[in-house]
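Participant: Mind having a look at this structure? Questions to follow.
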Amino acid sequence: MPDLPEPHPDSQAHPSSMTPAGRSVIHDLGYRPYTGPRLGEGAIARALVATGFKNAFGLGRSTKSKVLPFILLGMNLFPAVILVGALTLFGADELPIGYAQYASTTQVLLSIFVAAQAPVLFSRDLRHGSITLYLARPLRASTYALSRWFSLLLACLVFVFLPLLLMYVGALLGELDFSRQTREASMAALLGLMLALCITGIGGLLASWSTRRGFAIVGTIAVLLIGNGIVTAIQGIAQEELDDQRLGQVAGLFSPYSLYRGLAYAWGDANEPLTPPTNGGLEAAYAAVFVGLSVACLAGLVWRYRKLAGR
Amino acid sequence: MTQDGALSGVSPESSLNLHIGCSALGARRSSLTDVTPATARSAGRPVAQPVVATDGLTKDYGSVLALDALTVSVGHGITGLVGANGAGKSTLIKILLGLVPPTRGGARVLGHDIATEGAAIRATVGYLPEHDCLPPDVSASDYVVHLAMMSGLPRVAARERTAEVLRHVGLAEERYRPMGGYSTGMKQKAKLAQALVHDPRLVFLDEPTNGLDPAARDEMLGLVQRIGRDFGISVVVTSHLLGELERVSDHVIILDGGRLLRASRTDDFLDATGHLLLEVLGDGGQQRMIAALVAAGVEAVPKGSMINVGSGAGVHDLIRDTAADLGLGLVRIQIDHRRIEDVFADA
């Protein structure tokens, strides 16, 4: 559609405005109605997810907003590049850091990424009032919340899976045992998915309760990193001072990262953490809390936006 | 308020009336091409059913009764929704968008029930919110494309419609700049563009002139008029400035404390006095004219430099003859327009 000069205010709808989607227009046709297709809620939600996913990495926004996510992504990949480099250079017979161990090692980066980018998807619309424009459109409030959540989940999965993929490819190129690498990498991917689900839920829920980006960032970092610090301290005291494994194992239920560490050791190839879950019952409890927390956060998000729509 | 009265005297498209249903999109469009501005001005779109019809609509927020058994019907064309702050205008719009459930009563928008068909309503209705709603770090062009897709338009169509609508609202090169740097007038235009981009059949414009300077206000009112008359989109526009609405709207609905104060054609508000305003030229013309008219049994009082003359049969002839007898120049005779404010004074 070429850029036409502003029509005279008195210009009226011309009969030729009925021609469909005019091409090579050289004169002003006035207002032309839209007669094309109108897509349903599913297609709208997919478009929202795609836009949100790009926005989470600063794409489609200002240059400034691309800096942080890509620096974090680069930093998150950097150790994996080193690992693969070392593996191919020195020909080790296993990866220096296990697949499942990797996310634990880089948990600070993942936390900062979620804390900084969840507000892009959730707080921004609340802060600038643009949520009203979404709610006045066919999308239901719950679908909006689910789409936003899914965008953030995809962004987190890229963050978690990229280094795993790099390590896996590197390991195969380094001619490590294919079946073992595949088994361990897939388990790490499953654990990474669980971690991403949980972190996305927590980061999204906190960001949806804060109209200010700063509050959301501080809140998310506090819950994720400081929460993990407290749990780790309790686990350390329980193991070293009190010799009470059970206390440490129960404490591990209270932070996504301690849940991840416990399961990554029990199911995957991670190093032994403090007070890991030692029996099937505990492992099941860890997994249940991990998934349950994710589901609860998602439900909270949906509930939050349904409330918002009704105001 | 019904529009049936408005149809009299308009013939070209009245044969199309029967086709204009809520689903007859094509019929609405074909009528558009036939309507000249003059006929569109007086008739708006022919009516098969009201664009909005509420029935005993009540919204009780507990502490505030925002809407109190409101029963009103809005026809095609431009409808002004007037009321002081807190009169229930915004609440009414949110209920009609299907976002807020009413406490009691119901409503239909474009034939859809607000209780069960909210999504269908929101697909064919545009909304310009009163408050800020634009993210500062995105350009108007990108954002309107995104919102067009959020209304269900495929990407290519969304781009085309965005370019077209931004041209109609008058956003030129600045459309590619982040909206954070826009003036209030440009922001209002961007907000208007997103309300129109999916070619709705009805737009709710909540205080579109809020915060605008006089020039931008005139431009916005001109746009509202074009949307209603040339684009063939029904408009419900709110304002607390009555003078604006009497300029652009075909109909006016006045809300007061959540209740309907009055709803009728704008002309009915304005022409209800039936009085004439008269200006004469000559030595002591005003006084002599008044004296002569009163002597002839016609009500006449000074109004500024003009004379307000009461209605009556043959009053025009009387004025002409009286002026001729007195040797005064008759500068003008015009209808004494009331202001919508007078309705509040009467109430």
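The backbone N, Cα and C atoms fix where each Cβ goes, glycine too.
Quick paste of what TrEMBL says about this protein:
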type: COMPBIAS; residues: A:1-11; note: compositional bias 'Basic and acidic residues'
type: REGION; residues: A:1-22; note: region 'Disordered'
type: TRANSMEM; residues: A:67-90; note: transmembrane segment
type: TRANSMEM; residues: A:102-122; note: transmembrane segment
type: TRANSMEM; residues: A:149-173; note: transmembrane segment
type: TRANSMEM; residues: A:185-207; note: transmembrane segment
type: TRANSMEM; residues: A:214-238; note: transmembrane segment
type: TRANSMEM; residues: A:284-303; note: transmembrane segment
Participant: For the transmembrane segment (A:67-90), find every same-chain residue at least 6 residues outside the stretch whose CB is under 8 Å from a CB in it, and list them.
Facilitator: 56-58, 96-97, 102, 105-106, 109-110, 112-113, 116-117, 155, 158-159, 162-164, 166-167, 169-171, 173-174, 176
Participant: Can you see whether the transmembrane segment (A:214-238) and the transmembrane segment (A:102-122) are touching - at least 3 CB pairs under 8 angstroms, only pairs 6 or more apart in sequence?
Facilitator: yes
Participant: Report, as numbers and ranges, every residue of the chain located at least six residues beyond the transmembrane segment (A:185-207) whose Cβ falls under 8 Å of a Cβ in that stretch; write 'none' if there are none.
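Facilitator: For the transmembrane segment (A:185-207), the nonlocal Cβ contacts are 98-100, 102-103, 110-111, 114-115, 117-119, 121-123, 148-149, 152-153, 156-157, 159-161, 164, 167-168, 171, 216, 219-220, 223-224, 256-257, 259-260, 263-264, 267-269, 287, 290-291, 293-298, 300-301, 304.
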